[in-house]
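Colleague: As listed in TrEMBL for this protein:
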DOMAIN    93-418  domain 'PDEase'
ACT_SITE  HIS169  active site, proton donor
BINDING   HIS169, ASN170, SER171, THR172, HIS173, ASP210, ASP323, GLN374  AMP binding site
BINDING   HIS173, HIS209, ASP210, ASP323  Zn(2+) 1 binding site
BINDING   ASP210  Zn(2+) 2 binding site
Amino acid sequence: MSGSVLLRFLDTPIARKAFNVVQHFKDELDAEEQFALLRLHSWLARSEGGNGEMVWLDDEQRAYLRSFTYKHVPAAGPQKPVLQSPPPRPCGAVTPRRLTLQEMLDRMEDWERFDVFVLEKLTGGEPLHAVCMELLRRRGVLEALPIPEDRLSSFLRAAERAYCPNPYHNSTHAADVTQALGAMLAMDAYGAALTPLEQLALLIAGAVHDLGHPGVQNAFLVRTEADCAKQCGGKSVNESMHVALAFELLRRPENDFICRLPPEDRAEFLRLVEAMVLCTDMAYHAAALDDFADTLAELGPDLVAWPGEARVKALQMLLHTADISNPARPLHHCMVWGRKIHDEMYKQGDLERALGLEVTAVCDRASAPVACGQLKFINIFLTPCLKLVEGLAPNFVAAAMPHIEGAAAYWRSQIGEGGEEATVCAPACATFPGSAALGSHEIPDPKPAKGA
């Protein structure tokens, strides 16, 4: 069959349907099967005029192709990459088997080998529940504190259901952030310096930090005069809502897993969760880094010696770091998360355009390419954050930095000639959610929370 005839066949509805079925089960293919699919993808891309754009594939399918292309080819340059054949399988080699749920849970504190997307499938769409329960057991929190596990489980399942099915701000992101916290606690000495109550608050804050996120930024909610923006005076709109919703779930008797804590511990838990979640607002990024840098310089890296309010700052910085850490994941995860956040922002831009509003710079499909946005996020936000946190978590940062360098190299390869983002990065891309206000917001002062 000639190439042109084969291409015409592959562009038929039945062939597209077959492709979509294979694509849906791509994670269950072994290495040779994935490589065979990749070769077909690559041939199709070259056959469509050599521009690498398969017009009948959706964005996720194109991203999948590029992710595997990048993993199997040399460093990108102006020329089209040439696929490298995988090494021959030794005689008698066994096809890699699929991971079990227990095997993925065993990787819960492993920064390199944990895969939240595999866990999402293994748990039937409940990765957050699995991550949080496993980490609280591993950290000894459930032994140290009188926590009814049935109520904790009920709370986490309710929280998982309360997440919206956004491209990015969903329960899988919350699970990924919470696992990042668990890995950070396990990798460095400060984890042992935190009390069981502080660890409980930290991991639960990770689990609920984007609870009920509507998929739009705070500024959009203020501009459209949303009720939630009016209720909190336009300040940390989403974050205030996340806290309120989490505490609302906790007030239900079947979810009240802190019911047996002493009143003072219960109040402290609520105060810590609120302080940490509010500080995930990117408007506080610069102020939080400056404040933490001063505290670290004054008190040193041993958290045991830190007084109460300084410890709150450490907890806030840990959650904030975990929240923005996905560019420091292994490259294939970083690429997926990068496209998901931009997909969500582009949807906001489309909505703004439909409402006749000025389109937020980073939400404009026409002028805010993914690669440019991710590269600037790494340089402006994540790298300075990790360099600061290194004073407290040197082992975690040592594991993360090579991935950040690889991610930056990948996104640079996608900008300009021969790259995915042929458009020159628009200056507006330097504006990120909340960045216009960086330095203008003081860190939220933790206040005693009302009883749940």
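The backbone N, Cα and C atoms fix where each Cβ goes, and this holds for glycine too.
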Colleague: Identify which of the binding-site residues ASN170, THR172, GLN374 has its Cβ surrounded by the largest number of other Cβ atoms within 10 Å, counting every protein chain shown.
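Modeller: The residue with the most neighbouring Cβ atoms within 10 Å is GLN374.
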Colleague: For HIS209 (Zn(2+) 1 binding site), which of the binding-site residues SER171, THR172, GLN374 has the nearest Cα in space?
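Modeller: Sorting the binding-site residues by distance from HIS209 (Zn(2+) 1 binding site), the top entry is SER171.
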Colleague: Could you give the mean pLDDT over the domain 'PDEase' (93-418), rounded to a whole number?
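Modeller: Taking every residue of the domain 'PDEase' (93-418) together, the mean pLDDT is 96.
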Colleague: Between any two of HIS169, ASN170, SER171, THR172, HIS173, ASP210, ASP323, GLN374, the residues recorded as binding AMP, what is the biggest Cα to Cα distance in Å?
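Modeller: Between the outermost Cα atoms of HIS169, ASN170, SER171, THR172, HIS173, ASP210, ASP323, GLN374, the distance is 22 Å.
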Colleague: Give the three-state DSSP assignment (helix, strand or coil) for HIS173 (AMP binding site).
Modeller: helix
Colleague: Other than its own, how many Cβ atoms are within 10 Å of the Cβ belonging to HIS209 (Zn(2+) 1 binding site)?
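Modeller: The answer is 28.
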Colleague: Only counting partners 6 or more residues apart, tell me which same-chain residues put their Cβ under 8 Å from the Cβ of ASP323 (AMP binding site).
Modeller: VAL177, HIS209, THR280
Colleague: Cβ distance under 8 Å to SER171 (AMP binding site), same chain, sequence separation 6 or more: which residues?
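Modeller: Same-chain residues close to SER171 (AMP binding site) (Cβ under 8 Å, separated by 6 or more) are GLY125, GLU126, PRO127, LEU128, ALA159, GLU160, TYR163.
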Colleague: Near HIS173 (AMP binding site), how many other Cβ atoms are within 10 Å of its Cβ?
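Modeller: Its Cβ shell of radius 10 Å holds 24 other Cβ atoms.
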Colleague: Let me know how many other Cβ atoms fall within 10 Å of the Cβ of ASP210 (AMP binding site).
Modeller: 24
Colleague: For the C-alpha pair, I'd like the distance in angstrom between GLN374 (AMP binding site) and HIS169 (active site, proton donor), rounded off.
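Modeller: With distance taken Cα to Cα, HIS169 (active site, proton donor) is 16 Å from GLN374 (AMP binding site).
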